[in-house]
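Residues annotated as disulfide bond in Swiss-Prot, with sequence analysis given as evidence: CYS68-CYS91. Positions annotated as domain 'PA' by Swiss-Prot: 67-147. Taken from Swiss-Prot, the feature N-linked glycosylation site covers ASN34. Annotation comment: Swiss-Prot describes 319-339 as region 'Disordered'. Residues annotated as signal peptide in Swiss-Prot, with sequence analysis given as evidence: 1-26. If you look up Swiss-Prot, you'll see 27-167 marked as topological domain 'Lumenal', on the strength of sequence analysis. Marked as topological domain 'Cytoplasmic' by Swiss-Prot on the basis of sequence analysis: 189-461. The transmembrane segment annotation in Swiss-Prot covers 168-188 and is backed by sequence analysis. Residues annotated as zinc finger in Swiss-Prot, with sequence analysis given as evidence: 236-278.
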Amino acid sequence: MNCTKGGGFPLLFCAVICLMAQQGACNVVLIANNTTLSFDDVEATFTPEVKDSGVNGAIYAVEPLDACSPLRKKAANGPVSPFALVIRGGCQFDDKVRNAQNAGFKAVIVYDDEDSGVLVSMAGSSSGIYIYAVFLSKASGEVLKKYSGQSDVEVWILPVYENSAWSIMAISFTSLLAMAAVLATCFFVRRHQIRRDRGRIPVTREFHGMSSQLVKAMPSLIFTKVQEDNSTSSSCAICLEDYSFGEKLRVLPCRHKFHATCVDMWLTSWKTFCPVCKRDASAGTSKPPASESTPLLSSVIHLSAESTALSSFRSTVAVSPPRPIRRHPSSQSTSRAYSISSAPRNYNLQRYYTNSPYISTSRSNVDLANMSSQWSHTPHQASMHSLRSGHLSLPINIRYTIPHVSRSDYGSASLGLSHDSCSHHGSPSYYHSSLGQQRSYLMHRTESGPSLSTMVLQSPQ
């Protein structure tokens, strides 16, 4: 049943109303001596409508009674219009009316040949027909037939407007009920089809967010005042509203803060990462969050700088040839290494990184040559002799730690690399400083053992 194709229903509805309105449009009234009879009739659809004042005449039964052939008797001319009484059957309604019209009758009354009690609306071709025609029941036709040919009997065909109005109202109400029933049927059928189709298609739900239990487990706080300097410390990045005193804030693993209601809706309904830094909110806090003070690429740059500085230092020590170094007259063999233990630890390392080669903060073994074995077996005088003659061939195994700053007796800052030694003889240390011109310092052995301690300044040539 296709309910969408109902374009012809309004036309059919109007046609039914017109036909049913004409069914109660007229009444046949018989007036005889002290007798008045009224019969219900239905007007034909192919003949002219009865005038408002109605028409009257005398009734005559024709021969043949079915009027399917030309009538044997013509209508008599007189002051009263002749009406032909015809029985149903044998031919079409328009043929009966046309034969009666040709015989001179002014109206045709057709009665049913069966006692069905149903009045029909006669249909046919209206070509060349200008007289009136109505349809009666079989009982009404038998009564009229008794008064056929009597000149003192008068028959009226009158329109009945009251019956027509009530019929239109009844038909309209019935038609509206039928239309409502059809529409309701279509609605329920369509609804049933949609439910059936939904049952056939597998339901696939796409999960976008986190579970509410996991979101509620994240830490939260009550806002009192701005305590940090970042993009989410004073306002919510989701609703763009400033925090108010007493509001509940949710803290994500990346340390960004939001309104609890805003970020809970974001994490459970949309995405599982931070709206600011795009970090997964379900992951743990293994590293500090990226902010203005800790850029995203800081760790990468730090690691690459360490590896570059270490490789550069190794290549420099291995390739550079020995240089002659003269001992400064003011330095003594009994001098001690400059103390660097009192240097502050919170020194700004950025200045050192930009002005001097970077040395890895991790412990590294730098092999300068096989220096330790010769250094331990060679006397102090031989060591100084080799240093004066320009041969720095004694190898040292040094472990470097984080560089720090000390102040020498000359007033200039020196950057030192301390050495962690496992032997009881001490540890060699290497120091470097700048006094405005090319200088180099030599750390050489003291009484404490095989360590380079005294810094010897080479005079410029």
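Heads up, the Cβ atoms here are built off N, Cα and C, so glycines get one too.
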### Task
For the zinc finger (236-278), jot down how many residues DSSP puts in helix, in strand and in coil.
10 helix, 9 strand, 24 coil
#### Entry: Rounded inter-Cα distance in Å - CYS91 (disulfide bond), ASN34 (N-linked glycosylation site)
37
### Query
Around ASN34 (N-linked glycosylation site), which residues of its chain at least 6 apart sit with Cβ under 8 Å of its Cβ?
none
